[in-house]
Amino acid sequence: MQKKVIAAIIGTSAISAVAATQANAATTHTVKPGESVWAISNKYGISIAKLKSLNNLTSNLIFPNQVLKVSGSSNSTSNSSRPSTNSGGGSYYTVQAGDSLSLIASKYGTTYQNIMRLNGLNNFFIYPGQKLKVSGTASSSNSTSNSSRPSTNSSGGSYYTVQAGDSLSLIASKYGTTYQNIMRLNGLNNFFIYPGQKLKVTGNASTNSGSTTTTNRGYNTPVFNHQNLYTWGQCTYHVFNRRAEIGKGISTYWWNANNWDNAAAADGYTIDNRPTVGSIAQTDVGYYGHVMFVERVNNDGSILVSEMNYSAAPGILTYRTVPAYQVNNYRYIH
């Protein structure tokens with residue numbers, strides 16, 4: 001009888017050890033389309049705060065194919081901030097959550113324009129896990145021949161696979177269409193796209209597009225082609241760059257955020273209290289006021305905005321959802 005008890009204990013211990021080993025093996029998780037930090041933290045039995053701490057996340061924004069730590073200790077910045085080198089010459093940096101081109105450039109004593117040139121970037125969009133060249137000579141353009149040729153399928157229409165550095169406006173210009181049309185064809189209600197995503201660029205819109213968000217169609221929207229002279233890392237700096245990314249550049253002479261509504265109106269922009277994707281949310285609250293870029297308008301009336309110098313230090317890009325009951329506290333520059 002005693003032998004049986006001992007055997008049972010040994011067997012149970014072995015099973016527990018295997019289970020513990022399996023649990024410990026799950027130290028990382030690759031983000032799948034549609035997943036959220038809440039779903040991932042719930043899956044691994046950790047808090048959202050713990051998940052964000054492990055991965056140095058400054059917001060709840062995550063991307064498909066992003067690899068997240070789900071156990072262990074938080075990543076130290078010593079390795080991530082040290083560029084790697086390769087035999088082809090030059091140094092590389094792996095983008096971390098919360099990075100921006102300007103922030104990376106300041107780390108390595110260069111300019112964001114130089115990083116864009118080294119990597120063949122034509123917009124400011126970068127994503128966690130992306131490897132950027134930070135020194136050396138620019139890579140020869142080698143990936144546009146196939147990636148820029150849309151594929152077709154039997155159901156009609158052509159498709160394009162998103163490459164690193166792409167934006168909706170850039171893709172639209174490649175195929176002689178508008179970013180609004182690409183959003184309509186794919187049922188998009190915000191400007192978020194990611195490498196590897198397949199977008200329809202010609203044909204008819206899908207019947208199940210379900211998007212209730214409209215872009216700023218019908219608004220008077222002048223377009224400027226100015227250099228960004230706003231102070232680096234401020235809310236005005238970010239919104240200027242974000243509008244340039246979508247092909248709706250604004251003036252670099254609107255000064256502080258609390259002057260943007262009046263200055264925009266003087267330049268001929270439509271100003272109202274109705275947010276649309278791509279519009280600028282503006283408030284006079286605070287000494288200098290504040291501006292944000294509207295990334296998405298949700299079905300419940302809330303809006304997702306991107307901003308700088310609000311809940312984090314200057315130069316750190318953050319995202320937050322403005323509740324529906326607060327949306328009317330802002331004016332929207334279209």
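Placement of Cβ uses the backbone N, Cα and C atoms for every residue, glycine included.
According to Swiss-Prot:
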type: COMPBIAS; residues: 71-86; note: compositional bias 'Low complexity'
type: DOMAIN; residues: 210-334; note: domain 'Peptidase C51'
type: REGION; residues: 71-90; note: region 'Disordered'
type: REGION; residues: 137-156; note: region 'Disordered'
type: SIGNAL; residues: 1-25; note: signal peptide
Subject >> Rounded mean pLDDT for the residues that make up the domain 'Peptidase C51' (210-334) >> reply: 87
Original post:
With DSSP helix as H/G/I and strand as E/B, how many residues of the domain 'Peptidase C51' (210-334) fall in helix, strand and coil?
Top reply: 27 helix, 31 strand, 67 coil
